[in-house]
Structures are given as structure tokens and as C-alpha cells.
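The block underneath contains the structure these notes are about, expressed in C-alpha cells.
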Amino acid sequence: MSDLWGLGDEGFDSVQRPSPIGPRGDAVPEHLLEGLNPPQREAVLHRGPALLIVAGAGSGKTRVLTHRIAGLLATREAWPSQILAITFTNKAAAEMRERVHSLIGEEASGMWIRTFHSACVRILRREAEEFGFKQSFTIYDSGDVRALIKRLIKERGADIQGLTPGGVSARISKAKNELHDVDSWARTANLENPLDQAFLELWRDYDRELRRANAFDFDDLISQTVFLFRAFPHVAAQYRKRFRHILVDEYQDTNAAQYALIRELTQPVTRADLPDLRSDLPGASLTVVGDSDQSIYAFRGADIRNITDFERDFAGARAILLEQNYRSTQNILSAANAVIGNNFDRREKRLWTDSGDGAKIVGFTGYSGHDEAQFVADEIVELTSGGMAYSDIAVFYRTNAQTRALEEVLIRTAIPYKVIGGTKFYERAEIKDAMAYLITVANPADPLSLRRIMNVPKRGIGPATEAALQAFADEHGITLRDALRRVDEIALGPKVAAAIKDLAALLDHWSERPEADPGEVLRDLLSRSGYTDQLRRSPDPQDAARLENVEELVAVTREYRRQNPGGNLIDFLTETALVAAADELDDSGGQVSLMTLHTAKGLEFDAVFITGVEEDLLPHRISANEPGGPAEERRLFYVGITRARQRLHLSLAMTRAQFGEVNPAVPSRFLEEIPAELVDWRTLPTTMRPAPAQRAVGRWSDGPRESFVTGFRDPKPLPKGKGTFANTITEVRDNSALELSPGDRIRHKDFGEGRVQAVSGAGAKRIAEVQFDQVGRKRLLIKIAPIELL
DNA sequence: GGATTGGGCTTGCTC
DNA sequence: AGCCCAATCC
């Protein structure tokens with residue numbers, strides 16, 4: 001992805017070239033149509049103002065998209081520079097670029113194949129000066145945003161009103177995704193409400209601080225681009241004129257701001273806006289690809305109506321349905337179809353394949369999250385000893401917290417793995433420190449990163465000194481960074497003043513050299529600031545690891561420069577700000593991939609494990625109270641299932657550790673939706689029904705499926721359904737009354753006989769530690785363990 | 001000014 | 001169980 005970022009103007013001049021659109025040139029070459037099924041072929045060939053490709057999972061949409069682009073170029077209907085393709089991740093962008101390249105060679109360079117965010121950054125940098133930003137703006141990540149809002153809340157004393165950084169930032173983000181700005185939001189808000197009033201003021205503060213810091217947050221990147229286009233029609237017109245073919249992948253996950261951006265870009269170009277135009281131009285041709293069954297980003301503002309209403313929205317739109325799946329076995333697809341069929345408000349679509357049933361889905365129920373993880377590890381050993389590569393295997397989970405047990409067991413089993421996303425490299429404190437040095441250099445207006453490093457390593461610049469500097473800056477209307485430079489004018493101790501002067505000189509030295517090699521800048525900053533020395537001298541073994549991480553970052557910057565000759569500091573910072581979790585995937589890694597179900601979208605693996613298929617986890621507890629929540633959770637499960645090519649494993653546990661507590665877990669309702677004959681249960685899920693006291697709370701209200709986890713402790717059998725194991729439910733167990741003490745002999749349904757070593761915990765959470773004669777030591781939650789006293 | 005400690009909160013997903 | 005923050009102590 002060497003040329004994805006930066007300010008290079010490569011290809012932009014070609015806007016001035018005459019458009020090759022007109023009477024169609026040559027026919028699309030046959031090699032671009034080879035091996036395509038009829039709807040795929042049509043999706044490649046169709047020409048018109050708007051095209052919707054409804055692409056079921058694994059139906060070859062990337063192939064269709066790349067061939068469509070290649071076709072446009074090969075027939076000379078478009079120059080590369082007239083193509084804008086929006087993908088969901090940088091990795092997908094790089095892949096698409098490569099594939100188009102391999103189809104038609106050199107002619108492919110000059111296209112914009114980018115994510116929404118990266119395309120918008122590029123536009124904003126180019127036009128920054130036009131609307132009052134400096135080109136060197138930096139991007140605040142969610143951590144930065146929280147830190148800033150936290151400070152603002154404190155300053156206003158708004159915390160007493162119950163406003164939290166997380167809450168406020170989520171609300172601002174949501175509003176920006178809906179394309180509101182402070183003023184438009186204010187007009188719709190009820191300002192009688194003091195909470196809304198306080199929020200509004202915070203938002204105003206926040207935007208002002210961002211602007212002062214010459215920074216944007218993630219959501220700004222999209223919405224500000226839209227505002228820019230609306231405020232400056234002649235700027236918008238340039239891009240409209242340039243991009244004649246716009247293609248958007250994962251369209252089901254676009255939000256209002258992204259939709260508006262697409263709308264803006266596909267408007268006709270008029271001579272009123274661009275006087276040197278010979279005649280008005282129609283809007284760009286728009287192709288969107290998506291699958292409403294895979295819409296899983298509502299929490300980020302994704303609006304499923306963008307895709308469901310597409311044909312009504314864009315005049316002359318044509319829709320093409322791709323249902324043949326080239327990825328998975330029929331068993332996996334049947335399970336996926338059955339599950340998603342339970343979402344009622346969808347356009348019917350059934351995936352099929354002609355490649356055979358394949359292996360049955362494997363199901364497993366562990367006694368604990370650890371036990372479940374052990375199953376995953378055992379199966380991976382089994383699969384790899386059968387010749388499968390580690391890199392063809394993935395383990396999915398709903399929440400990042402589930403990685404702990406998995407990692408522990410994988411390490412013990414010596415299985416190489418990589419956690420994709422989660423606690424990211426760039427979130428480590430020492431990496432953030434190092435990055436803050438770089439940001440301070442690149443964007444001197446930003447006080448946030450300066451504050452972070454001002455006293456790291458220790459220079460004796462404490463809160464009091466910082467406050468004095470800030471006061472001086474406010475008094476003179478200058479930035480904090482400028483105040484550093486004028487430290488002589490502030491009454492401070494000679495030692496502190498000298499330290500500040502040194503720091504200011506170091507930062508200024510590199511700020512004056514914006515085109516320097518980022519790796520060199522970083523290395524010098526870390527060494528001359530004393531940062532590396534401090535870590536090196538520390539007796540703390542953790543600091544040795546931190547030092548390694550920082551050195552790793554230096555290596556990353558060096559590698560960046562190697563891949564992007566001439567790439568400057570701003571380019572590097574932009575790239576790192578916009579990396580997505582899925583970008584971390586490295587096929588050559590030879591490692592099992594661990595990731596959330598969300599991160600898994602768009603990927604595929606020979607063998608897939610979906611873990612924690614339990615109520616309250618999948619579907620997640622919080623989704624129960626959200627409109628459309630349970631349906632979205634089902635789509636998430638569907639996305640997970642359809643990632644698998646050959647083997648699918650579904651696992652759950654009977655107890656789940658959470659917040660350091662162990663709680664009983666209930667099998668997910670989604671399991672019941674899979675036809676029983678598709679699943680080979682190694683260990684059947686048992687239905688543990690909640691105690692009467694819990695019955696009324698937290699029950700799901702998603703259609704008629706309540707029976708499965710009903711709160712009634714009714715001794716009658718559960719209503720029989722087509723359920724997977726409704727008719728094979730083992731005994732309803734409740735050992736609450738069972739009293740165990742060390743020395744007791746017990747018998748366990750699966751582990752055989754053993755002796756109780758210790759009992760801990762109280763009430764429903766009592767745990768017995770048992771030495772079993774055959775299988776060794778186990779911890780059991782007494783309430784639900786299948787045991788009897790001998 | 002800086003280190004240590006204890007309490008409260010968290011874990012829902014992400015560009 | 002871990003992280004963050006405030007209070008407390010040096």
C-alpha cells in the first residue's frame with residue numbers, strides 16, 4: 001500500500017484531459033469475463049448511472065468489482081484517474097489495487113482505491129488552506145478525544161451533571177456521523193434540558209479545541225469533507241469532474257455522512273461551478289456492492305436503509321443479485337441460511353454452492369471458558385497435523401475480553417497465533433509517548449501531544465509548571481508550544497527553565513524540517529530527549545520490554561520510508577492513524593488469527609471457530625435493549641459462519657468468567673436455529689435455566705423464540721421445536737443444596753470419580769476443587785456441575 | 001514534585 | 001482481574 005497516502009498529486013492533472021467517455025470503445029476483453037457466472041458477468045458489463053450489486057457472502061464480489069474496474073479501463077471508457085473505489089480497510093484497498101493491476105497491468109496506476117477515511121484525508125489535506133486549516137493537521141484517535149473531553153468536562157465542572165468523557169464523545173461522534181454540526185444540532189435539541197445544554201457547550205468547546213490544535217477527529221474526516229464540498233461548489237466540482245466512476249464496497253455499512261459524501265460526488269458538474277468546462281457533465285456512475293445481511297456497524301451509525309433504499313434513491317438504478325457461493329460447503333451455507341432466515345425484515349436471499357456438503361459443523365460445550373479454549377487448541381492441533389496451515393485457521397469471539405483464556409491455552413499448547421486488533425501496538429503507553437513526540441513536531445499547534453511528552457522523561461516540568469506555561473500562552477494568545485520558546489519571560493526556576501529550553505530547541509529543530517525521514521526524526525528525538533536512556537537505565541524489567549517496543553516503532557518508521565520513498569512525517573502519522581484492525585493480517589505469518597466477529601467481516605479461512613456462542617455474549621446482553629439489536633447480533637453470527645470455507649466449529653461454555661466472577665452461561669438462541677442434522681455435537685449444550693428470582697429481568701424480546709431460555713422453572717419438558725437440541729436437553733440441574741467439603745468423594749458425569757480438595761466461594765458461585773482419579777484436577781461450579789456425592 | 005496505594009469501574013463491536 | 005484516578009505519603 002505504498003502510495004495510499006500523502007500529498008502527491010499523481011494523476012490529478014489528468015482531470016484536464018478530455019474525458020474518454022463517449023461512444024463506447026472496444027468491447028470488454030473476453031479474459032475479464034472468463035469463468036464468471038451470468039449475474040457476475042452482468043455486474044461486470046452493465047453500464048448506467050447506478051448499479052447495486054447485492055453480493056451474498058462468498059459470492060465473488062471482489063472478483064466482480066476488480067473485473068468491472070479492469071473492464072472500464074481496458075475499453076478506455078475511463079482513465080485510471082477517473083476511478084474512485086472505496087473499500088472498508090486499507091488491506092482490502094491494497095488487494096483490490098493489486099488484482100486490477102494483475103488483470104491489466106500498468107494502466108491501473110493513478111486510481112484512487114482507498115477507505116472513506118483515507119480518501120477524505122487526502123482531499124482535506126489538499127484543500128485544507130481553503131477553509132482555515134493547515135495542511136499539517138493531525139488526527140485525534142478515540143483515546144485523544146476522550147482525554148480532551150475529559151479535560152473540558154473538568155474545566156466546566158460538568159462532571160457533577162453526570163456527563164462522562166465516554167458518553168459525551170459517543171454522542172458527538174453519533175451526531176457527526178449524522179452530519180450534524182454544533183449549530184444544526186442545537187436547533188433540534190431541547191435546550192430547556194440542562195443536560196443537553198451542558199452537552200452542547202462541551203461540544204462547542206471540543207470543536208474549538210480541535211480547531212485550535214489543527215486537528216480532526218475520525219468523524220470529522222468524513223463530515224468536514226462533505227461540508228467543504230457544500231461550502232465551496234467549485235472545489236466539489238473539481239472532484240465531481242475528476243471521478244467519473246465511483247465504486248463503494250460494503251455499502252450496507254455506510255453511515256449518513258458517508259452517504260452524503262457519495263451523494264456529493266455523484267452530482268452533475270455544471271459550468272456555473274467550473275467555468276472552463278465546455279459543457280455540463282452528468283453525475284458520475286455509481287456502483288455499490290453490499291449485503292444487508294452483513295450489516296453489523298449500526299453502533300457506528302451505519303444505516304441499512306442506504307442499501308435497502310438504493311434503487312429508490314438513485315434514478316435509473318439497476319440491481320443484480322449474486323447468490324452462488326464459491327467459498328463454503330453446503331453444510332456451512334445451510335446453517336448460515338437457516339440462521340439469517342430468522343431475521344424477518346429482509347429481502348429473501350439463499351446462498352447455494354455446487355461444491356458439496358462437506359464436513360459437518362462441529363459443536364462443543366466446555367465447562368468453562370478455559371475448557372472451551374482447550375477444545376479449540378486440541379482441534380487446531382488435529383487440523384494442522386492433517387496438513388492445514390495455521391494461517392488458514394481463525395478463532396472468532398464477540399468481545400475482546402474473551403481472548404485471555406484462548407491466549408493462555410494457545411501459549412501452553414505452543415500454537416502460534418496473532419490477535420488481530422484488540423490491544424493494539426499503538427495503544428501502548430510507550431508507543432503513544434513516542435508518537436506524541438512525532439505529532440508535536442509535525443503539528444506544533446497541538447497541545448495534547450505536547451502535554452503528554454512535556455515531562456516524559458522526567459524533566460521536572462510538573463503540573464504547576466505546565467499551568468504556568470498554559471497561563472502565559474492564554475495571556476498572550478499563543479500556543480502552548482510558543483510559550484515553551486518564551487520561557488525566559490515566565491518566572492520559573494533556572495533548572496526547569498533550562499529543561500524547557502532544551503525541549504523547545506529539540507522540537508523546533510525537527511519542526512523546521514518537515515520533509516525529514518520519519519525514522520531519523522524519531523530516533524533522534526528519543527535519544528536526545530533522554531527517553532531511551534531512561535528506559536535503558538531502569539531496573540524495571542517491564543521497561544526493557546518497553547524499550548523493545550519503542551525500537552520496534554523505529555523499525556516501523558524506517559520500513560515506512562523504505563516503502564514510501566519521500567514519505568514525510570505527516571504522511572507517516574496519517575497512515576498510522578488510519579490503520580484498521582484487519583490491516584494487521586499477514587498471510588505469510590503462519591499463525592492462527594484471533595479476532596472479534598466484527599473484524600472478521602470480509603475475511604475467509606479454511607477453518608473457523610466461533611467461540612462463546614452463549615446468551616448475553618452472542619447475542620450480547622446490551623443489544624437486547626436496542627432497537628434492532630438482536631437482529632444485528634444475528635447478522636454478526638451469520639458473518640462469522642460465512643467466513644468458513646471447509647470447517648466450522650461452534651463452541652460455548654457452561655460457565656463464563658466476567659469481571660473476575662464466574663457465572664453460569666446459557667447456550668445462545670442462535671444455536672437452536674441451526675438444523676440439528678448439520679451439527680455434530682461433541683458435547684451437547686445443557687440448558688441451565690435461571691433461578692426464579694431472575695426470571696423477570698433481562699429476558700430477550702426478539703420474536704417468538706423465548707421458549708428456549710424461558711425463565712420458568714417448570715418441570716414439564718420444554719416445548720418441542722425444530723431445535724437443535726431442544727429434544728436432547730440433559731437434565732435441568734441445580735445443585736444449590738449440595739453441601740461439599742474437602743475429603744468428600746464425588747462422581748462426575750464425564751470426569752468419573754474424584755475427591756474434593758477444597759471448596760471456595762458462596763451461594764451460587766461456590767466452587768469445588770476436585771482431584772479426579774483419571775483426568776486430574778478440575779475446578780467445578782457446584783451449582784451446575786453434573787456431579788453426585790458418593 | 002513524585003511514588004505508592006486503594007477504590008471504583010469496567011467488557012460491546014471500530015474507522 | 002486489570003486499569004485509571006485520587007488521595008496520601010515521602
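Heads up, the Cβ atoms here are built off N, Cα and C, so glycines get one too.
Checked against TrEMBL, the range among A:1-25, A:26-50, A:151-175, A:626-650 recorded as region 'Disordered' is A:1-25. DSSP gives A:Ala55 (ATP binding site) a strand state. In this structure, of the binding-site residues A:Ala55, A:Gly60, the smallest number of CB atoms within 10 A of the CB marks A:Gly60. The Cβ of A:Gly56 (ATP binding site) lies under 8 Å from the Cβ of A:Asp291, A:Asp293, A:Leu321, A:Leu322, A:Glu323, A:Asn325, A:Lys349, A:Leu351, each of which sits 6+ residues away along the same chain. Within 8 Å of the centroid of the Cβ atoms of A:Ala55, A:Gly56, A:Ala57, A:Gly58, A:Ser59, A:Gly60, A:Lys61, A:Thr62, where the record puts ATP, the same chain has further Cβ atoms from A:Val64, A:Asp291, A:Leu322, A:Asn325, A:Tyr326, A:Arg327.
Mean pLDDT, taken over the domain 'UvrD-like helicase ATP-binding' (A:34-329), works out to 88 on the 0 to 100 scale. For the binding-site residues A:Ser59, A:Thr62, the largest tally of other C-beta atoms within 10 A is found at A:Ser59.
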